[in-house]
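Participant: I'd like to ask some things about the structure below.
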Amino acid sequence: MTDPTPTASSPLLAVRGLSKAFLGVQALDGVDFTVRHGEIHALLGENGAGKSTLIKTLTGVYQRDAGTVTLEGRTIAPRGVEEAQRLHIGTVYQEVNLLPNLSVAENLFLGRQPMRFGMRFGLVDRGAMRRRARAVLIPYGLTLDVTAPLGRFSVATQQIVAIARAVDMSAKVLILDEPTASLDAQEVAVLFKVMRTLRSRGIGIVFVTHFLDQVYALCDRITVLRNGRLVGERRTAELPRLDLVAMMLGRELEAAAHRIAPPVDDAEEDARPPLVRFRGYGKARSVEPFDLAIRPGEVVGLAGLLGSGRTETARLVFGMDRADRGEAAVDGQAVRLRGPRDAIRLGFGFCPEDRKKEGIVGALSVRENIILALQARQGWLRPIPRRRQEEIADRFIRLLDIRTPHAEQPIQLLSGGNQQKALLARWLATEPRLLILDEPTRGIDVGAHAEIIRLIERLCADGMALLVVSSELEEIVAYSRRVVVLRDRRHVAELRGGEVAVDRIVAAIASESVPVEPRP
Amino acid sequence: MIHRFLPLLVTSAVLVVGFLLCAAQFPAFASLRVVGNLLTDNAFLGITAVGMTFVILSGGIDLSVGAVIGFTTVLLAVLIEQGGWHPVSAFAAALAVAGGFGAAMGAVIHVFQMPPFIVTLAGMFVARGLGFVLSTDSIPINHPLYAELGDLALRFDGGGKLTLPALLMLGVVAAAVVCAHWTRFGANLYALGGNRQSAELMGVPVGRTTVAVYALSGLLAGLAGIVFSLYTGAGYSLAATGVELDTITAVVIGGTQLTGGYGYVIGTFIGLLIQGLIQTYITFDGSLSSWWTKIAIGVLLFVFILLQKGLLAVWTGRGGTPAEA
């Protein structure tokens, strides 16, 4: 719809034959990438496709080995973020890189504050800074106290401030690296509006995301990378979803990912003794009391909106938060969960949502990360022999197809999906009876996504019980035998067997005429 | 808005209430003379604490300031008494050496990515040691200019006076407030203390700012050394032992967070006055051991840190509902 003369108009940003290698690994191999004036261009690819490397080369974090980058016909080679910004390339990252302790106005104008009494030795004109900050934010629909610390506002607001800063610093190319990953639906809508406005002003936007819906809702063109090479550039309108996924994966996505769990005889199932049973279990200001039973070989999904109490339920079950009412039983025996140590001893495992903060230990090797939970359960006084550690690590690297050069690689150097798999391996190594997965597919690409879903199915076929939290309803429906639906920190429905379907979950969330959106 | 200034308000309230209590017990307390002496006695501390505030705001710490003060007094005494230098040239030399020393520590911290705690701890030993190399004895400074400068003061009715050290401190505090809030350097300090990596990505010259803030802290410690030598009329390598901790205390009581990024210079000034107030009270009382100063300050520091932590928890623990514009 934009870009009326696709071939005649000279591109805004043209990357040709870009190559970059790290220690012999070819991260980018002769990649072409073109951004035109006034377009939103999706940059897609699996983990390790080279998206991050391409972006970091454009923004001056890395220096290219070969190839050319031209901006409006001029060859550029930024040596740092600051220089890239001067060359009109602005970047906004998923984790907002602004300063929460400074005011909104200071964040917008840091390093380029309006001055009085001379530029060099003058004083910052704070009044002018406030006025200009308000003016800058108006087109984004933000009217807020620009003197308040940025950290007081939601991530979405902070992200828009980051965009406003980048654009106000005369960005012609704006790179948005997974900006929607931590936003809720309403916030995403606001961000999209901003992006469309910027597009109409002629800015070229590079949009990196894992959400295919968002690509189709917003983007004019799509460039797909795979294993450091260009797969192709297409107009969104001319690229069906199935073809896009095939481009990203280099193969057809297996239908297994969207198969409904096989129907089971509910009466017979319910007669089986549960592995764990919670009665009236809850915690004030966290989750209302709930009943929950999980049987061996069963996947129970926890569905609900962000903040509905899904993660809180998972944390209670694992003992990370202590319940203040209700009782828990494992194999019919009453137990007390006073902390994760109790839970681990009972054979529970937990893969947290925020793997960077609560999961991986970045500087330790893949092997050390994998054996961590097993070692913790054995007690640190009985170290697992090195040979055994290596066997375990190598087995799971093979089993889960964790892409790492070797087991001794520091885990922080792996891509997100592979870190997630290593984290799974950590718990699988303890052979848990109940494994809790909080957002197992968050922030990982389509291919790894499908693999993790297949893995979940294989695990419960082996008799393990699974409790899975996910915001992806299709995903939950695909593998869960039962789905517990939460709303406003309360378990509101339990769907089983044939009832497990996306529309039923949505209906349960929306029932009782409670508005779906938590905020007006 | 109230959140941001709350620690500062609490500190100010403690000062006012403390002063009123003292004045109620000792009517002579509420006089310009007492206030003037309080400022004079704590001038060198105040000047040092300003530098410390900047360093802590930027997310660092400077343990070397006490040793730099001691070294400066010895250097001045040796230059003036043994080298025959004019005090003014000696002052200039001392400021240059102290500033350069700070800059060197800042450079080491930035270039080698070393923890400021370790680097300035090493700097503390080096400066203290250098002072001993110059002289192990206390050297009196008898230059006539010292007597003149010592007499220099703004006098008020009723015996109150603002001496040169007190005026210097007030000037430094005023300049520092302007520097913190109305210059790019000030904004960069807060940015650095907020998040070093983000600051770098936003184009803050991290290296230059780090070197500058430690140079400034060294320079102010040098100035404090000059003031201290004026105050005592001597140079001694053991002078101002433990001052780094007194200044850190003033900074923390003043509401600045030790982790950097949040705080105000004026808070440090108030924190300093609170310490001075306790000291003056104990002098007035006469029966209490001077160690009660340390105990009172210790308790106060503890209470303030708890208070800050509480405020921070209230402020950031917004639960599951993110604050919207």
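Heads up, the Cβ atoms here are built off N, Cα and C, so glycines get one too.
Please treat TrEMBL annotations as automatic predictions, because they have not gone through curation.
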Participant: Looking at the ranges B:2-27, B:54-79, which is given as transmembrane segment in TrEMBL?
Facilitator: B:54-79
Participant: Under 8 Å, at least 3 Cβ pairs, sequence separation 6 or more: does that hold for the transmembrane segment (B:162-183) versus the transmembrane segment (B:118-141)?
Facilitator: no
Participant: Take the transmembrane segment (B:211-231) and find every residue of the same chain, 6 or more past its ends, with a Cβ under 8 Å from one of its Cβ atoms.
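Facilitator: Counting only partners 6 or more residues beyond its ends, the transmembrane segment (B:211-231) has Cβ contacts under 8 Å with 40, 43-45, 47-48, 50-52, 54-55, 58, 60, 62, 64-65, 68-73, 75-77, 91, 94-95, 97-103, 105-107, 109-110, 116, 120, 141, 146, 149-150, 164-165, 168-169, 172, 185, 189, 239-240.
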Participant: Report, as numbers and ranges, which residues of the same chain sit near the transmembrane segment (B:91-112): CB under 8 Å and 6 or more residues beyond its ends.
Facilitator: 60, 62, 64, 68, 71-72, 75-76, 79, 85, 119-120, 123, 127, 206-207, 210-219, 221-223, 225-226
Participant: Give the nonlocal contacts of the transmembrane segment (B:118-141) in its own chain as ranges (CB under 8 Å, at least six residues past its ends).
Facilitator: 60-64, 66-68, 70-71, 74-78, 80-82, 101, 105, 108-109, 214, 229, 233-238, 244
